[in-house]
Every structure is written in structure tokens, then in C-alpha cells.
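Working notes, beginning with the structure itself.
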Amino acid sequence: MDGVRAALVSGRVGLGLLGLLAGLSAWLLVDVLPDRMAGLPRLHLFVTSLGAAFFPAALALSGPLPPRRALAAAGLVALPLAGLMAWASLRFDDVAGFLATGHPWIGLALLLGLALPFLIAGLGPGRRPTDYAVLFTQSWMIVVRFAAAWLFVGLVWGVLFLSNALLGLVGIDVIERLMNRAEMPYLLSGLMLGLALAVVDELSDYVSPELVLQLLRLLLPVVLVVVAVFLAALPFRGLSNLFGDFSAAAILLAMAFGSATLVSSGLDASDERRAPGGLTWWCCRFLALLLPALAALAGVAVWLRVAQYGLTPDRVVAGAMAALALGYGLAYAGSVLAGPGWGARIRRANVGMALVAMAVVAGFFTPALDPQRMAVAHQIARFESGRVGADGLDLWAIGREWGRAGQAGLVRLAGMEDHPEAARLAERLAALENAETPYAFERAGESGDVAQLVADLAGMLPVRPEGRALPEGLLSSLRLWELQQIGRACTYRTAGGNPGCIAVLADLSEPRAGEEVLIVAHNPAGALLVRAYFREAEGVGFTMRSPEFLTGADFYRAADAAIDALVAGEFRLVPQRLNALEVEGRTLFFGR
């Protein structure tokens, strides 16, 4: 009994100290070293990445593996990850620009999270890195252990705040003065996290992922119905709204990976733990069959966005995610269609796809999958082929946000003296060199002469119905920034080859005499403008109104498609019934 108690105390002390060291490391790396290592930013990034990978890995591995083996394994995974971070940062002149992309820390977290179960399986008693039962159980156990531990840390801070408030009633501020020290939040959180993980490990017979898995299985029928209804409704609703916005790809990818997670949770670690048949079993089968459709739609959404606007680093990452989702979907559906034993085949596919995912994520830290270089090459190719003009190139992103690949791309663009739009490109490159902000760059060379802008815009802004002219005085009534925004949009070309601006004359208000004017202006580098202009009752001047989207997706999802439809005359006026409330001799009207 004394030996057991000593082991428990030793475990708590060990993990508590490890958590304390993690907190100390976080404080040093976040608050102390940035100023002292200002001249060595890449070394600071390497050390920070090393700490960010080592301590979470050590805390996660210390339960399933003996302490020394856990620390060695944590170092084994942390060193390469830190090296990859430092290596990838060389794509940028400064570390800040590299981190501003938003991808590095997410990639490091994904690699670390995917690697930990394989380390536990490979260094544990069975020494089988691809043992699915161990991989499945330990993956979910890591989630449960850290969720419980962080919940305890939150409770500790809650008790501290309440205790400080209580003691403050009698004039005692010792807790407040202690917590005001810069290092204390880090040290206390780390210490409590380590202690909580130790206690969770002690109660491993009682704390298991089974509760989380059972709750996830309750979601299986719901998600299956939602996905089935979504796919069934597509032929009737059409794809225009679905692919109008890049967020559609994000939603589809999230649903695809979420569905794969639910299928895996429903299948559990082995067939012995999940009896065939039952609602969960059938839901897993049907959801696995629908998964390729979700992944394929996500891929199409990304591809259409790339075809319209070209590659960006974010779209390169999204494309890779869509490819992974499609890999999962095809593996899952193929396993089910192959007949009996489909559950075991899906489990094997999970192991293989996890290794593929690790390789893909790691590839983004190497020249093999450099998203900035790939995006620059694609944007230049679009310009060379004439698919996009000089005004359609996002030169600010290429030159200021896409690292050294972007700067090399600008040099290559500057050398295209034989291109039909070389003169305009040279103007924009010169403006980029002198601009300090994206706002200043987009407005470089714009005239502040309202009269000149009105004259220029009158010749550029298409009017529908064809042959009609804008009401006299409309353009002159617009503010300077409106004229500039519409003018920029008119230089842009939609996927249909039309200017990114359109004015439509239509009777939008029957009680008012004459027609109103709808102006839609879209430039991918700026905001979308959708406004109607109503002539004042006195006949002098115009009142601007923004639309209320009563049905369907708003123009922000598919601005180019809406402009192309308006140019082609593919629109109609639909009467709307609006009621007013009469009470005590007054009429209240809430619609317009």
C-alpha cells in the first residue's frame, strides 16, 4: 500500500513539475525572450516552436508511457517540428510575415496531434505503431485527459477570483498582488495542468473516452439526415448559391471531416467492441457512402474559386484539405461497397489516411508544397495568358504578403515589357513601391477631381436596359469615395468578361414617379457596393438605400454572377405586399 501511495505521489510531483516547467517556458518565450532575442528572430522561433511542441507532447505521453520514455519521445517529435518551422520561415524576409499567414502554428499543432498516438503505439508495450485499437483509444484518451485537466485549471482560476473577492471584503489583497506578477498565471496554470493530468492518469480505470464516444454516436443519425437532405435538395436548388462564396468550401470540408470522425467513433476500436447491426451501425454505413459527395463538392467549390480568382496560399491549403477529405470519402465508401468486413477496412484506411495527412502537412513546411510559391506562379500564369488584366492582379498580396516568392514574382512581372498591359502594370508596380498600406495602394493615382471622375464614369458604367441613360445629376450627387469605388470596379472583369459594375433602371417604388437606379459594383480587392438611388420627392437630388435580401443568398456570395445576369437582362421585378399598422389616427410602416 505504501508503494502504491509513493507511486501516486511521485506521479503527481513529476507531472506537476513538468507542468510548472511548461508554464515557466511559456512565460519566458512569450514575455521575456522576444525583447532579448529581437536580433535573432529565427532562433527565437525555433526555441518557441520547440517548447510549444515538447511540453504538450511530454504531458500527453507521460501517462501512457514511462516518464523517461515519454520525455525522450517528446524530444524526438519536437526537434523536427521546430526545425520545420524555422526552415519554412526562410520563405519570408522576417518571421512576423511568416506567422502572419496563419498557417504555421496550425500546421505544427496538426502534426503534433497526429504523431502522438503513433508514438504511444510504437513505444508502448505492444510496440506496434499501426495498432488501430491503441491508436483509436489513445487518440480519444488524449482528448479526454486534456479536456478534464483544462477544466480543472479553469475551476482553479474561478476559485482564486472568488477567494480574492472574498478576502478583498476585509482588505486583504495578497492573492491579487500575487496574481499581478507577470509570471504567476503561466506558472500556476502549468502546475495545475500537470497535477490534473496526474490525477486523471490515476483514475484511468474510471476516466475513459467512452462517454464522449457515446455522445458523438447520438449525433450520427442527425448528421446523416442533414447530409442526406442537403444532397437531395441540391438538384432542386441548384449550385449557384452553393459555390458563390469561399465559405461554402469551408463548411463542406468541416462537415466532411466531422462526418468521418462520427463514422470512426461509431465503429469504435474493433468489431468486438461494436456489435454489427443496430441504428449506429447502419448510420455509419450510409454516412460513409455519402462522404465522397461532400468531399467532391468541397473540391469543386475550391476549384471554381481558383478558376475565377486564381490561387492564393489559403486556396492551396484548402485544395489540399479537399484532396484529403476526398481520400477519406473514397476509402470509406469503397470499404462499404466491398461488402462484409467494411468496418475493419475503414479502420485500416484511417491509419493510412492519418499517415498521408501527416506527410501532406509536413510537406507544407518544405519546398515541395510551398503555398506562396505555387500561388505566385499561378497568378503570373493567369496574367501571361490574358485571363486576368493588370488591374485584376492583387499586387499588394503578391509583393507584401507572400514572402520572397512574391517579391520574385514582382520582378518577373516587371520584366514582361512585351505584354499588352505592360504600361498599366508598370503604373501599378510603381504605386506599390511607394504605398505604405493596402488602402493607399488601391487608391494610388485616383483623381480627387469629382467632375473628372463623373465624366470618366459616365463612359465606363454600363446601363440597362440597353440604350437608356442615367438620370441627369445622379453621378454628380455621389460622394467622392463612391465614385472612386465604382470606377475601380469598372476596370475589373467578371468571369463572363463584363465590367465589374452595372447600373439598372427599374421602377422599384410604384408610389414614386419615374424609375430608380440600382448600382452594383464589385472589385475583388475592395468591398461590394449594392445600392439603389431614389429621386427626392422635390425632384432634386437622390436618396440612397441599401437592399434587404428577402430570399436567396445575398450578392456578397456571388457578385460576379449577379452582375453578369444584370448585364444580360436576366432579372425581373416582383411585387411585394407590405402592410402598415393604423392606430389612433396614426399609420406605422415598418417595411420599405
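Every residue gets a Cβ built from N, Cα and C, even glycine.
Annotated features, as they stand in TrEMBL:
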{"type": "TRANSMEM", "residues": "12-30", "note": "transmembrane segment"}
{"type": "TRANSMEM", "residues": "42-63", "note": "transmembrane segment"}
{"type": "TRANSMEM", "residues": "70-90", "note": "transmembrane segment"}
{"type": "TRANSMEM", "residues": "102-121", "note": "transmembrane segment"}
{"type": "TRANSMEM", "residues": "142-172", "note": "transmembrane segment"}
{"type": "TRANSMEM", "residues": "184-203", "note": "transmembrane segment"}
{"type": "TRANSMEM", "residues": "215-234", "note": "transmembrane segment"}
{"type": "TRANSMEM", "residues": "246-267", "note": "transmembrane segment"}
{"type": "TRANSMEM", "residues": "279-304", "note": "transmembrane segment"}
{"type": "TRANSMEM", "residues": "316-339", "note": "transmembrane segment"}
{"type": "TRANSMEM", "residues": "351-369", "note": "transmembrane segment"}
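Under 8 Å from some Cβ of the transmembrane segment (70-90) lie the Cβ atoms of residues 42, 45-47, 49-50, 53-55, 57-58, 61-62, 64, 98, 104, 108, 111-112, 115-116, 119, 123, 362, 364-366, all in the same chain and six or more residues away from its ends. Among 42-63, 102-121, 279-304, 316-339, 351-369, 279-304 has the largest number of CB pairs under 8 A with the transmembrane segment (246-267). The list of residues near the transmembrane segment (12-30) in space but at least 6 beyond its ends in sequence, with Cβ under 8 angstroms from a Cβ of it, reads 44, 47-48, 51-52, 55-56, 58-59, 62, 67, 182-183, 186-195, 197-199, 201. Against the transmembrane segment (102-121), stretch 351-369 has more CB pairs under 8 A than any other of 142-172, 184-203, 316-339, 351-369. Packing against the transmembrane segment (142-172) from elsewhere in the chain are residues 60, 63, 113, 116-117, 179, 188-189, 192-193, 195-197, 200-201, 207-209, 211-212: each is 6 or more residues past its ends and has a CB under 8 Å from a CB in it.
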